[in-house]
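Just below is one structure, and these are the notes that go with it.
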Amino acid sequence: MSKYKLLLLRHGEGAWNKENRFCSWVDQKLSENGVVEARECGRLLKEQGYQFDQVFTSILSRSIQTAWLVLEAMGQEWVPVTKSWRLNERHYGALIGLNRAEMALNHGEEQVKLWRRSYDITPPPIDESHPYYAEIYNDCRYSTCDVPKEELPKTESLKEVLDRLLPYWNDVIVPVIKSGQTVLISAHGNSCRALLKHLEDISETDIVNVTLPTGVPVLLELDEDLRPVKPRQLLGDQAKIQAAIKKVEDQGKANAQNK
């Protein structure tokens with residue numbers, strides 16, 4: 001029997017989502033379409049009667065902006081928002097800034113799918129010669145983390161995302177949920193996928209095929225041990241959601257830039 005409800009949300013479309021580039025830890029605002037997605041998500045959740053007690057986001061602007069727009073559309077701007085780097089998008093290392101479709105042409109679609117979707121394959125690390133290295137590591141937001149800046153990742157597999165996310169989940173978010181509060185986590189495709197793998201006990205093979213579109217809330221109904229009592233539900237127009245999932249999956253294909 002369901003005791004708790006948890007909502008996961010991949011942020012609305014960002015500028016680099018639109019350009020089909022690996023955004024990762026580069027701080028980008030939402031695109032115009034991403035703003036629309038976030039507001040529509042908020043209206044949907046309001047129509048369905050959701051009332052949040054606490055919202056958790058990463059420290060990347062697109063995650064925070066999405067949460068703000070959702071709460072504004074719901075008339076719940078007063079709900080506390082807590083931010084942590086541990087909910088950040090996966091660190092794509094040296095791939096940051098590159099176009100996925102162009103990479104598929106150069107490296108093959110299967111290799112790009114492994115870099116994007118696999119559980120334990122790590123892209124090449126970012127180094128100081130990378131054009132976005134200084135922008136990321138000189139950003140003052142990373143001086144607020146609970147680890148020294150020099151210990152922050154330079155690349156990550158999905159497994160490593162889960163490893164850095166779990167302490168925050170267990171120590172901070174779980175007690176809030178178990179106190180009876182309704183929580184929204186406004187994060188990123190891979191931090192949400194990592195959490196889904198943990199909660200739903202998804203295999204390392206099957207997680208490759210789990211795709212979350214931008215701006216679509218995911219409802220998890222959990223028992224007292226925070227195990228799902230039914231399959232996750234992607235809320236909204238199901239035909240639109242399936243089309244959005246296909247769009248995300250096509251991003252790693254060689255002809256994606258022509259679509």
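Note that Cβ sites are derived from N, Cα and C of the backbone, with glycine treated the same way.
Per TrEMBL, the features are:
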type	residues	note
ACT_SITE	His11	active site, tele-phosphohistidine intermediate
ACT_SITE	Glu89	active site, proton donor/acceptor
BINDING	10-17, Arg62, 89-92, 116-117, 189-190	substrate binding site
SITE	His188	site 'Transition state stabilizer'
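Here the C-alpha separation of Glu89 (active site, proton donor/acceptor) and His188 (site 'Transition state stabilizer') works out to 5 Å. The C-beta environment of Trp16 (substrate binding site), restricted to residues of the same chain at least 6 apart in sequence and closer than 8 Å, consists of Phe22, Cys23, Val26, Gln28. Residue with the densest Cβ environment among the recorded positions Arg10, His11: His11, by other Cβ atoms within 10 Å. Cα spacing between Arg10 (substrate binding site) and His188 (site 'Transition state stabilizer'): 5 Å, rounded to the nearest whole number.
When the alpha carbons of His188 (site 'Transition state stabilizer') and the residue listed as 'active site, tele-phosphohistidine intermediate' are compared, the span between them is 6 angstrom.
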